[in-house]
Structures are given as structure tokens and as C-alpha cells.
């Protein structure tokens, strides 16, 4: 069936939905709107001049389906090109127009949803006969129901369909799409346990038959650049093999065009991969790996089928299968009609003959006819037996696939559980690493604080050692200076005692001179006054020297007492613990031990040091 015949089926539904009176006539305005919508859906440039010319307002214009067909064939169907428009969008437009009128609410309230009804509508048009009104005959209906049951992994039972056809004889010649949807939604054609499973099965069959998908599934593909193996979702069509990241078909990774000269071949196992095969095109070679041998055989056969369809110029596998089934039915009907046409005249002639010879010939002819019928029965039984074997084979394959699916599910569950445990372990390890990092930061901070404190202690220790050295140096200088002052004081006392003795001697001498020369004082007064004045002057000078020496001695004594009191730098670090004794003998001391030792050595010196205030008071009293 060509593209125009496929499109015409959907257009027929849209046209009949506009025929409200069912008279075969539609108004011009409705046909204009329908034509505009068909132009848009088929991606055809609008021709408003031809449209207005054909639908001009006169009594001779086309108002029936016969009058509309010439315009439809010339301006719409003839310009439609495959690949330039979306056929699903086109069918959805026609479905929207016809479902509003013909689709009963009870259909969508039953097993079939609105989307399921549209997909079944498309599948119905694909398998329906090429005569109008469109109907689907029993063999094609059984084929569709078997496909849906197989997609649900359920064995199809034709009892329901046979009961329905026996109760309604009008359905034996064919079933319309609305009758099909009504009986299917009511559960009279299929026994369905889950509505969701039915929707998934309808979607799978729709993708396979309507979108011409020969086969789909996961395969491992070898990269062309990096040469690594990646799992991809492959979709095989008659003209190409498209592969995606996963089965949601959102991210397309590439396409293998099955051009003339392309071949598919099996490959030996290598690189740790098994069940290998390749698709060789004129451009490059694609290497794939199936999960098992059966999958590889199925994929190789499916790609060979696609290459055969490509070579024969056919675009749909299911269209070819439909034509093949139709040819088989026609051949069977012709053979059946030929057998009946030969048997009827032979039976009439046998009844007219009465002699034994003719009766014998009639009996031989009847035996021949009986043998033909017997052979036909044997052929039919053999065919049923082959169908049964094929069904058992398919069931065995299905059970094997179910077992593999269960194994895959179990492996997936185990893998999921393992991944969950690994994720938990990773989270715990991350948490532990985070705690260790925090502990490391805290330890680094404590280490830095300890290093800083140690540096401060070293600085304080060096400062204390420097101050102690300075104090010891000052003490040595003061002791030297004190000894010098003591020596000076002794010398001063000796000088004072010498001066006092000389003064006493001079005073005694002067007294004697006064007594001796008292008698002559009147005669020589100038001579007497001159020695007295010189002696007084000497005494005053000696007293002045003595007082100066005494003051200097007091001053140096006070300064010595002040300097003899050492500075106690340990007062600035009173917060540090002080040990009464040095814990280490003959070893280096810590800063705390050093301060403790200095304080203990200074304490006795403080007790033995003179009180400068008391010394000063004593000196003042002594003076």
C-alpha cells in the first residue's frame, strides 16, 4: 500500500465526521477548513487561488465526496512527500476530527485510554482492508490481538473472539474501528489484568508496526575514536539503525545508514567480549556485542531483513507481512473455490448415470475427492501441528527470556544493594575524613599556639638572662665602687683626725703665744692679729673640707644602698608556676625553672640588703 492510500484512510474518517446527515455531502466551508488543515499537517504550500477556484460559490461546486476527490488527489495527495511531514501528527488531526463525533465516552471509561484509542486507531488503519467503509477482518484482528498479548507476555486465547463473532453474525464480515474499540475496551476481545500493562503493550506494538521498528534493545558498541565499549539502546528500521544513550530516546548518539553494499557479519570473540557481530557500510564498520548467542542471531537476522527490504525498495516490514497474509488467503480461497467447482458437476453426473460402469467411475471419483479432502485435512492438521510446535517453541523462548529477565532483575537488585552499601560506606568515609580534617586543623592550631608560647617563653628567658647579667655587672661595679668609697672614707677620717690634731696643736701654740706676748700686745698689735687671723682661716677651710667630705660620703652611701637592691623581673610573670627548687642539676633550665631559681636566689639577698631608708635616717641622726 502506497503513501496516498494510507493518507486517504485517515482523510476518509475526517470527511465522514463532517457528514452529519450521512448523505455523502459536506458543506464547502467545512471542506475549505479541512483542506487548510491538511495543507498544514502535510507541510504542503497553500494554494489559495486553486482552493477558491475549486470551492467557488455556485451550484456546480463540489459538495460530495466524489466531487472532493479530484481536488484531494491533485492538490493534496499528489504533493505529499514521505519524510517531509510527521504522519503521526497527520493521523492525530484526523483522529481529533472523527473521535469527537464517533468515540463513545464508555470506550475511554473502560480499558482503553484516549492515547490508547488513538494508537489502536492507527493500527486499525494499517491492518484494515482497502475498501470503504473501512473494516478489519478476523485474521488481521487475530494478528493484532496476538501481537498485543505477546507484548504483555500473555498467551492469547481466541475463545473470547469466537464467542463474540458467534453471538453477532454481522461482525464476521468485518469490524469497524468504533466496534473494535468498544468491544476491546469492554474486555470482550482480550483478558487483561492490568490496565498499565495493556497501555505499555499497545505502545510497544504501536512503535513496532506504525513506526516500522523491526527490532530494538540494548547492545554494547565499540567506539570509533576512543575504542572503548559503551552500552547503547539500538532501534532498527528498514533504512537505518539508530542508537541512543538509553531507551527514553531523548539523547541520540548516532545513526548507521543501511545503504547499498552494507552487510552484517558475525565476529569471533576478542578483547574479553563475546557474541560479537559487525555492520559494514561503505563508510565504516560498526562492532557490536550482544548479551547472548540468541540475541546475536536475532539481531543479525533482523538487520538482514532490513537490508533485504532496502534492496527491494520497501519501507515497511509489516506492510509486506500484511500483503503476504492477504496473498495466502486469496490463494486458499481460490483453491477452495476450484475444488468446489470441480466436485459439483462430477456429483451431478454421477447421479444421472445408472449403469454399473458409470457407478464404479462415480465411486472412484468420490474416492478421489475424499482423498483430496483427506489430504487437505492432513495438510490442515500438519499446519496446526506446526503452529502448535511453533507456539511451544515461542513459549519456550518466552520462558527462557523470562528466566533471563528474572536473573537480570536479581543481578540488578544485587548490584543496587551493593551500590547502596558502597554509597553508605563512602558517606561514612567522607564523614570520617571530614572529622580527621577538623582534628588536623585543631591540632595545627594547638601546635601553632604551643610554638608561639614557646617562642614567647624563649624571648622572656633571654630577656631575663640579659637583665640578670646586667644586674650582676651592676652589682660588681657597685661593690668595686663601695670599696673605693670605703677607702676614701677611711682616708677622709684619717685626714680629719690629722687636721684636728694640727688644729689643737696650733690652738695650744697660739694660746701660749698669747700668754707670752700679752705684755707686749700694746706695743705690737698688728703682729699679734696677723697669726690669729691665719689660724682662724685655716680652721674654717678644714671644717668646710670635712663637711664636704661627709656630705659626699652620705650621698655615695645612699646611692650604694639604692643600687644594692636588685630589680626583680620575676614580678612580671607571677602567673607562671614557681618551683621551690631547681629540678635539674647541671642541665639547661626552662623559662619557668630559670625564673624560679632567680627568685629563690634574690630572696636571701633581699633579706640581707640594708634598708636605704633606715640607713639614711641613721646617717642624718649621726650627722
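First residue shown is number 1, and so on along the chain.
Just so you know, glycine gets a Cβ as well, placed from its N, Cα and C.
Owing to the predicted nature of the structure, the values given are computational and were not obtained by experimental measurement.
Feature annotations, reproduced from TrEMBL:
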- 318-333: compositional bias 'Basic and acidic residues' (COMPBIAS)
- 334-343: compositional bias 'Polar residues' (COMPBIAS)
- 365-398: compositional bias 'Basic and acidic residues' (COMPBIAS)
- 506-516: compositional bias 'Basic and acidic residues' (COMPBIAS)
- 212-308: domain 'PH' (DOMAIN)
- 318-398: region 'Disordered' (REGION)
- 496-539: region 'Disordered' (REGION)
- 596-623: region 'Disordered' (REGION)
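Tertiary proximity for the compositional bias 'Basic and acidic residues' (318-333) is limited to same-chain residues at least six positions away from its ends with a CB under 8 Å from its CB atoms, namely 1, 126-127, 139-140, 143, 208-209, 212, 309. Secondary structure of the domain 'PH' (212-308) per DSSP (helix as H, G, I; strand as E, B; remaining residues coil): 16 helix, 44 strand, 37 coil. In this model, the domain 'PH' (212-308) carries an average pLDDT of 89.
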